[in-house]
Amino acid sequence: MCLAFGWAAVILVLQTVDTASAVRTPYDKARVFADLSPQEIKAVHSFLMNREELGLQPSKEPTLAKNSVFLIEMLLPKKKHVLKFLDEGRKGPNREARAVIFFGAQDYPNVTEFAVGPLPRPYYIRALSPRPGHHLSWSSRPISTAEYDLLYHTLKRATMPLHQFFLDTTGFSFLGCDDRCLTFTDVAPRGVASGQRRSWFIVQRYVEGYFLHPTGLEILLDHGSTDVQDWRVEQLWYNGKFYNNPEELARKYAVGEVDTVVLEDPLPNGTEKPPLFSSYKPRGEFHTPVNVAGPHVVQPSGPRYKLEGNTVLYGGWSFSYRLRSSSGLQIFNVLFGGERVAYEVSVQEAVALYGGHTPAGMQTKYIDVGWGLGSVTHELAPGIDCPETATFLDAFHYYDSDGPVHYPHALCLFEMPTGVPLRRHFNSNFKGGFNFYAGLKGYVLVLRTTSTVYNYDYIWDFIFYSNGVMEAKMHATGYVHATFYTPEGLRHGTRLQTHLLGNIHTHLVHYRVDMDVAGTKNSFQTLTMKLENLTNPWSPSHSLVQPTLEQTQYSQEHQAAFRFGQTLPKYLLFSSPQKNCWGHRRSYRLQIHSMAEQVLPPGWQEERAVTWARYPLAVTKYRESERYSSSLYNQNDPWDPPVVFEEFLRNNENIEDEDLVAWVTVGFLHIPHSEDVPNTATPGNSVGFLLRPFNFFPEDPSLASRDTVIVWPQDKGLNRVQRWIPEDRRCLVSPPFSYNGTYKPV
C-alpha cells in the first residue's frame with residue numbers, strides 16, 4: 001500500500017518553520033560547513049605570524065622576496081566524520097583552516113599549504129598537498145596585489161620612451177596623466193611552458209569600461225624573478241607588428257616607420273557628444289513610461305523561509321551554505337522532506353577560452369579560480385541584483401590581504417514568484433463551461449551571489465522549487481574581453497567599434513554534485529527511448545512503430561564518463577537501492593542545460609589544467625582526495641597543474657551501490673556582437689542543471705503546498721473558490737480573486 005499523504009504531512013510540518021527543528025539536523029551542527037568568522041581568521045593569522053620558523057611578513061610589503069600568508073579559508077572536514085556527527089550524534093570533527101603561504105624569501109621560493117587548527121584557538125599546523133607527490137611551483141601562484149603594484153611601476157618605467165607616442169596616438173599616458181591615464185589588463189597563461197611567468201599586457205585607456213578601449217599596444221613582460229630588477233620587457237606588439245623593446249618602437253615611430261592609428265578622443269572638452277559607448281548611461285529611445293515604476297516583489301508578512309546561521313529552511317527544503325574564498329558558492333546537506341538528496345553541490349571552476357589575432361587574444365585562457373573566483377563577491381544592489389525583499393548576507397574573505405576583509409551584501413536569499421504556475425489544469429466540460437479549474441502558484445527560493453572577475457560578472461544561483469526540484473544556474477554578463485581591431489582579427493571575432501574586436505570565446509563552468517539520494521549508497525543508470533516496429537495486435541495486416549524504454553546500468557567509472565561529441569542520454573538517474581511503492585528505485589534525475597562543446601584537443605598543452613572540460617558528465621566514486629577539480633595554481637601552471645581531473649578516472653572504480661559524485665560541465669560559445677556593447681546581457685547567456693525527483697516520492701510533494709487554488713462551477717451565483725490560506729488573516733490579506741471559466745462565441 002502506498003501512503004502518499006504521509007509525504008505531504010512530513011513536508012507540511014517542514015513548511016511550518018517554527019516546528020521544523022523537531023525533524024531537522026540541529027542548526028548548530030550545520031556550523032561544520034560554515035565559513036570562518038572574522039575572529040577565526042584573525043586567530044589563524046595571529047597564530048601563523050607568531051611562528052618564527054615561518055618568517056612571515058605582511059602581504060602588502062612591496063616585495064616578492066618575502067614570506068606571506070595569501071589565503072585563509074575553512075578546510076572542509078572529511079565527509080565520513082561529518083556524517084557521523086550529523087546522523088549518528090558522534091563528536092564533531094575539529095574545525096580547521098586552510099592557509100596558503102608564499103615562501104619568497106628563500107633560495108628556492110615555493111608555495112605551501114597548511115591545515116591550522118583546532119579553531120577557535122589553534123595550536124597545531126600540518127602541511128597539505130593538492131596532489132600526492134606534487135610540489136607547488138613558485139611560478140604557479142596567483143598574482144598578488146603587491147606583484148600588481150610592482151608590475152604597474154615596471155611597465156610605467158619601461159614605457160617612458162613611448163610617452164610622446166602615447167600622447168600622439170591615444171591622448172593618454174602613464175605619466176602625469178590625471179584623468180587621462182593608461183592602464184593595462186594582463187592575460188594568462190603566463191608563458192608557454194611550466195616554470196615561466198611571462199605575461200602579455202593589453203594597454204588600455206582608463207575610462208569608464210576601459211576593457212573596451214585597447215590602444216593597439218600589447219607588451220610581453222618576464223616577471224618570474226623575485227627581484228624586480230631582473231624583470232624585463234621581451235616584446236611589444238602594435239597594430240599588427242612586433243618590436244623587440246620600447247626603445248625600438250619609439251625610435252621607429254620618431255622617424256615615421258610605424259603604421260600608427262590615432263584614436264578618437266573619448267573625453268572631448270566643450271562639446272555636446274553622446275555618452276561613451278562603453279558607458280552605462282542611457283541613450284536612445286525606450287517607450288516604457290518613465291513616470292511609472294516597474295513591478296516589485298513584496299511580502300507584507302515577511303519571508304516564508306527561515307535562516308538559522310548558515311542553514312536555510314524553506315517548504316520541504318533545508319540546506320547549509322558557504323562562500324568558499326577560492327572557488328565560490330557551495331551548498332551542503334541538501335534535504336527535502338527530511339531526507340538527504342545531496343551532500344554537496346558546489347561551483348568548482350569557471351573558464352573562458354579565447355581566440356584572437358593579437359598575442360594577448362590568442363594567449364588568453366582564463367581559469368578563474370586562479371583569479372580569486374570566490375573572493376570577488378562584491379555588494380549586491382537591492383532591486384537590481386536581488387529583490388528589495390531579499391535577505392542580504394555578508395561575507396568575510398582573507399585573500400591577498402593581512403586580515404579578514406568584509407564584503408557587505410555579498411549574498412542574497414529571497415523567495416519570488418516565477419510568473420508561471422508550478423502546475424495547472426482547466427478541466428473543460430466541452431459545453432462552454434468547465435468541471436473545475438486548479439492551479440498551484442509558482443514560487444522559488446533563490447540563493448545568489450556574484451563573482452566579478454575583472455571584466456566578466458558571473459551570477460550564481462541555487463534555486464529551490466516546492467516539488468522537490470533544485471536548480472543550479474549561472475548567468476554571464478559584464479564586459480567582453482576585447483582586443484584591438486585589425487582586419488585579420490575578423491577570423492577570431494566581431495568588430496564592435498572602430499578600433500575594437502570582440503574575441504570569440506567559450507565559457508565553461510564545472511560543478512561538483514555529491515549525490516546522496518536517500519543515503520550514500522547510490523547507483524547510476526540512464527533511460528533512453530528506442531523505437532520498435534511490430535505487428536499491430538488489433539489489426540494484424542498493419543505495422544506499428546512506437547517508443548520503448550531502454551535502461552542502462554553503469555558499473556564502472558569509465559562507462560559513466562561521457563565525452564563531448566558522444567551522445568549523452570537525456571535521463572540521467574542516481575538511484576537508491578530503496579524502491580517506491582510502485583516497485584521503482586527511488587531516484588533523482590540530473591537534467592543538464594548547456595550548449596558547451598570541447599574547445600581544446602585532449603592532451604594539448606594547457607588542456608591538462610582543464611581535463612574536466614572533456615566531459616559534460618563524469619560519475620565517480622567518492623574519494624577524499626578528489627574533493628576539487630581545479631586549484632588556485634592551474635591557471636599559472638596549466639602545463640603541470642597540481643589538480644588533474646582526468647586522474648580521478650584512472651582507477652576506474654565500481655560505481656554500483658557506492659557513494660557517487662557527478663561532475664557536470666556546462667557552458668556556451670560566445671561570439672561577441674554589437675549588442676554586447678556596453679555589456680553582455682543575461683538572456684540567452686545562462687547555463688546550469690536541475691536535480692529532479694524521479695520516482696523518489698509516491699506523488700508530487702508540492703501537494704503539501706497551501707498555495708493551491710481550486711475553482712468549482714456553481715449553477716447559481718459565484719463559482720466556489722477553494723483556497724488554503726492561514727486562518728488568521730490579520731497578517732496576510734489575499735488579493736481579490738475571481739474566476740468565471742466559461743467560453744462562448746462572440
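Just so it is clear, glycine is given a Cβ too, placed from its N, Cα and C backbone atoms.
Remember, predicted model here, so these are calculated numbers, not experimental data.
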Of His287, His296, His670, His673, residue recorded by Swiss-Prot at the Cu(2+) site of His505, His507: His670
Can you find which of Glu488, Glu532, Glu550, Glu557 Swiss-Prot lists as binding Ca(2+) 2 at the same site as Phe648, Asn651, Glu653? Glu557
Give me the count of other Cβ atoms within 10 A of the Cβ belonging to Tyr456 (active site, schiff-base intermediate with substrate). 23
When you measure from the Cβ of Cys412 (disulfide bond), how many other Cβ atoms are you left with inside 10 Å? 21
So how many other Cβ atoms are close to Glu653 (Ca(2+) 2 binding site), meaning within 10 Å of its Cβ? 16
For the recorded positions Asn110, Asn533, Asn651, which one has the sparsest Cβ surroundings, going by other Cβ atoms within 10 Å? Asn533
Rounded Cα-Cα span from Tyr456 (active site, schiff-base intermediate with substrate) to Cys412 (disulfide bond), Å: 20
Can you give me the Cα-Cα distance between Asn533 (N-linked glycosylation site) and Glu557 (Ca(2+) 2 binding site) in Å, rounded to a whole number? 34
For the Ca(2+) 2 site built from Glu557, Phe648, Asn651, Glu653, further residues of that chain with CB within 8 A of the site's CB center: Thr620, Lys621, Arg623, Leu649, Arg650, Asn652
Looking only at His505, His507, the binding-site residues on record, which one has the least crowded Cβ, with the fewest other Cβ atoms within 10 Å? His507
